[in-house]
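What Swiss-Prot records for C269 is active site, and it gives sequence analysis as the kind of evidence. Under the heading substrate binding site, Swiss-Prot lists R76, Y216, G217, G218, S267, N381, S382, R383. As annotated by Swiss-Prot, Mn(2+) binding site applies to K225, H245, D292, with the evidence given as sequence analysis. As annotated by Swiss-Prot, GTP binding site applies to A268, C269, G270, K271, T272, N273, R383, R414, F508, S509, E510, N511.
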Amino acid sequence: MTSAWSNEIQHEGLKQWIQEVAELVTPEDIRVCNGSDSEYAEVYSIMQKSGVAIPLNSDLHPNCFLVRSSPEDVARVEKFTFICTAKKEEAGPTNNWRDPQEMRQELQGLFRGCMRGRTLYVVPFCMGPLNSPFSLIGVELTDSPYVVCSMKIMTRMGAEVLKSLGTSGTFHKCLHSVGVPLSPGEKDVAWPCNPEHMRIVHFQDDSSVMSFGSGYGGNALLGKKCVALRLASYIARSKNWLAEHMLIIGVTNPEGQKKYFAASFPSACGKTNLAMLKPKIPGWKIECIGDDIAWIRPGSDGRLYAVNPEYGFFGVAPGTSEKTNPNALATCRSNSIFTNVALTPDGDVWWEGLTSQPPAGLIDWRGNPWQPGGTPAAHPNSRFTTPLQQCPVLDSQWNSSEGVPLEAIIFGGRRSDTIPLVYEALSWQHGVTIGASMSSATTAAIVGEQGKLRHDPFAMLPFCGYNMALYFDHWLSFASNASLKLPKIYGVNWFRKDKDGNFIWPGFSENLRVLEWIFRRTNGEESIAKRTPIGYLPEESSLNLEGLNLSSQALQDLLAVDVPGWLKEVADVREYCKIFGSDLPQIISDELFRIERELK
């Protein structure tokens, strides 16, 4: 192994770590990534030669390729995702905890020799704008070319980051391997992975990540969920900021007044659709800062400011269409990676929901000829990885080092009953209780059962890097700082169904009508809302429903306070919160009691 790579690195601590890792994992070669387009093309051609990357029709999707993963490696694996803290209580009841010393020993065993016959890529990345006080720098060491190409799209990656790191800057150590060493002369498989031994491990003592056995998205692109949420949420608590699973949008009304909102939904509940919403109501404009992660800090003026630490979108493909999200389709037209979607005979991509009828002659996500009526042609959690800057409705402040001031925070989930279309929290404490009470029908973004209701507080259940009860407490602490001008908090639910099981609300671009009401509320319009035990609900006449074919009964159903339903909801949340024991903040118990008392 030559040491030519070490000449490219001025940071002694980084050099030493790479050397230590190389001695453990014994790669054939080491390559420091510079993030250039030519490097991307070269690494992509390696993937093409190995058979994992299929170039798409360059007239339809220039500089795009399709990747098929192993059927055993298609989503985040929560049961193999661990948080290591000195004490189990620090990780809390919602995380898989392991003792850091024991886990390090176990991982040493797994990583020993795991990159034999492969290249170790050094991937320096920055979450957040370079040189922003918000940002965190990481270095991912990986043996996956797919990770290298994806990290170029999803993060600010390469030589600029190394330059910013200097000779002594702080960085997060992120070690990743697909976990499949190659013997001399052994032919590689298209998508190497090691499902028996998958581990995605977060060490909070030194803010590092080690991931083994999976090459898929959130398990392997360690800047995303691992650093930007699981590590960052832990860091944020001690430094008085928030790392959240939220989209960020700019909303401009016909008068030209602009406000920024953040919104939190569990995976596959429409974050990307809302982040890129195309308004049908004349004069309104929605612009996107991010669709998945928000880092939020108090600014010098007391308002909360948000940045998107990411540089790309990693969107769920199925259901994305010209009707549901034309801006997403425009974004991933070029320079994008498609994973586990179907392939058409003319070299284009397809997935369920893209068109009403599937084209003939599809090859499915497993690489087999596909016939309608059987299993889906595209995997339900198939993805597009695409640059942020290609979004046609990208907000001008997308790269602001200070972030944008939030005027509303929105919590939502996939609920067929009880939860109304929109309601406003009576206070910050009530708003935190709304976030803590979130539950949603599960989707394909996680391995396991789909369609059952699971509690997902703040949509952070899989991503909070410490005890969630202490996380609630951290949110509540913002109210005790009198100098802060906190945003209003809202609950929304696009997914209410009628007795025949049909969605009552049309959703998608029509969700702007709800954002319009929220916008007016943040302007202090009192007469458009009425106080109820569960929050301020819209007066029926205050929602702009012009051009919508919505019956008065449907509107009543969407805005009703279902007393028996809510009493059951409160009881259910209270039961769930028992897992936190005495760590649960008293304020949340008090809010639940208040809602119950007022309902009765």
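Glycine too: its Cβ is placed from the backbone N, Cα and C atoms.
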Query: What's the longest C-alpha separation between any two of R76, Y216, G217, G218, S267, N381, S382, R383, the listed substrate-binding residues, in angstrom?
result: 16
- prompt: Given the binding-site residues K225, G270, D292, which lie within 10 A of G218 (substrate binding site) by CA-CA distance?
  reply: K225
Maximal Cα-Cα distance (Å) across residues annotated as binding GTP, namely A268, C269, G270, K271, T272, N273, R383, R414, F508, S509, E510, N511: 25
Task: Quick one: of Y216, C269, S382, F508, which recorded positions lie within 10 angstroms of K225 (Mn(2+) binding site), measuring between C-alpha atoms? Sequence order, please.
output: none
Minimum Cα separation from E510 (GTP binding site), reported as the residue among recorded positions R76, G217, H245, C269, S382 that achieves it: C269
- line: The recorded positions listed are H245, A268, C269, G270, F508; by CA-CA distance, the one closest to N381 (substrate binding site) is A268
Cα proximity to S382 (substrate binding site), best match among binding-site residues H245, A268, G270, D292, F508: A268
Task: Have a look at the binding-site residues H245, A268, G270, D292, F508 and say which one has the shortest Cα distance to R383 (substrate binding site).
output: A268
- prompt: Given C269 (active site) and F508 (GTP binding site), what distance in Å do their CA atoms have, once rounded to a whole number?
  reply: 11
Message: Tell me which of the binding-site residues H245, A268, G270, T272, F508 ends up closest to Y216 (substrate binding site) in space, Cα to Cα.
response: A268
Cβ-based isolation winner (fewest other Cβ atoms within 10 Å) among the binding-site residues N381, S382: N381
Query: Which one of these binding-site residues has the most other Cβ atoms within 10 Å of its own Cβ: R76, K225, H245, R383?
result: R383
- line: Among the binding-site residues listed as R76, G217, H245, D292, the Cα nearest the Cα of T272 (GTP binding site) belongs to D292
- line: Comparing the Cα of H245 (Mn(2+) binding site) with the Cα atoms of the binding-site residues R76, S267, F508, the shortest distance belongs to S267
- request: Could you tell me which of these binding-site residues, Y216, F508, has the greatest number of Cβ atoms within 10 Å of its own Cβ?
  value: Y216
